[in-house]
Amino acid sequence: MNDMRSAGEPDYTDADFQRVRRIAQDEAGIYFPDTKRTLVYSRVSRRVREAGHASFHSYLDFVQTVGGRGEMERLICALTTNVTNFFREKTHFMHLEEIVVPKLAAQVRAGGRGRLWSAACSTGQEPWSIAMSVMTAFPDAPAHDVRILATDINADVVAHAAAGIYPTVEAEAIPAEKKSQFMEPHGDGGLRFTGGIRNLPAFRVLNLNANWPMKGTFSAIFCRNVVIYFDEATRERLWHRLADRLDPGGFLCVGHSERVASKSQCGLEQIAPTIYRKES
Ligand SMILES: C[S@@+](CC[C@H](N)C(=O)[O-])C[C@H]1O[C@@H](n2cnc3c(N)ncnc32)[C@H](O)[C@@H]1O
């Protein structure tokens, strides 16, 4: 059955939707319910055209070949939702400045290391907000062993995040004193993070539902507004893996509509609606 498409638009059938859905689930853990059939079309049809295919069927055959691996990655990028903002959910950053970073600073000054993780960082507003909070509560952090790991499955958004350059209008969500302290004008109407803060984040491509190469544990993990795209089983597996990566007494921050189900709390105590603390 062909969808409503006009001349030049690729063929798209129910079978194609089922195939994309299976790929998204297998490759990234992302689940598209039946109601997202049109959304999938609008996100993928451009890739189909740009890769030179007349139908989803032939495009999907191609991405599932060895030579189509690069296009498979572009397909997964096209399927992700990357909406984000600076200081989204302010309570998390207050908690960071007032509770997490002072403890991390004491640990680091005593010769330890300080690690934080933004686990689905999108275009970087989240890890740069974490970095600004670290700098506010611990100004000499860049002179110590402090790192903010910032990861996402989508290589395009990770490159954007690593550049640390944003349009002025997007930076409006940053408090004025932080903006003037940590950013400088860049190009025509842009702002760029500058100075020691640039040494704090380390940006990497990482699929939360694959193996994690990094070692060690984190004082806090921000895993926000990503598990909403996963099915229940994938979420539960992830909560357990994240809990394993927290220091005793470390914190997990989740998105405003996300909760760690009580059966999968794995040593995590809910201390605020979207903040969990791992038992010491
Ligand atoms: C809506 S954004 C959330 C950004 C930020 N955490 C926030 O709350 O503002 C969701 C991000 O999750 C990423 N994502 C989706 N599936 C992923 C996976 N399996 N592994 C890692 N990142 C994933 C997407 O690429 C996207 O950038």
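Our numbering is plain: 1 for the first residue shown, then up by one each step along the chain.
Cβ atoms here come from the backbone N, Cα and C positions, even for glycine.
Per TrEMBL, S-adenosyl-L-methionine binding site is recorded for Asn82, Thr84, Arg88, Glu126, Asp152, Asn207, Leu208, Arg224, Asn225. The Cβ of Asn82 (S-adenosyl-L-methionine binding site) lies under 8 Å from the Cβ of Ser122, Thr123, Asn154, Val157, each of these being in the same chain and 6 or more residues away along the sequence.
Annotation source TrEMBL lists domain 'CheR-type methyltransferase' at 5-280.
The number of other CB atoms found within 10 A of the CB of Arg88 (S-adenosyl-L-methionine binding site), across every protein chain shown, is 18. In this record, S-adenosyl-L-methionine is bound by Asn82, Thr84, Arg88, Glu126, Asp152, Asn207, Leu208, Arg224, Asn225; the longest C-alpha to C-alpha distance in that set is 22 Å. With all protein chains in the displayed structure included, the most crowded Cβ environment within 10 Å among the binding-site residues Asp152, Leu208, Asn225 is that of Asp152.
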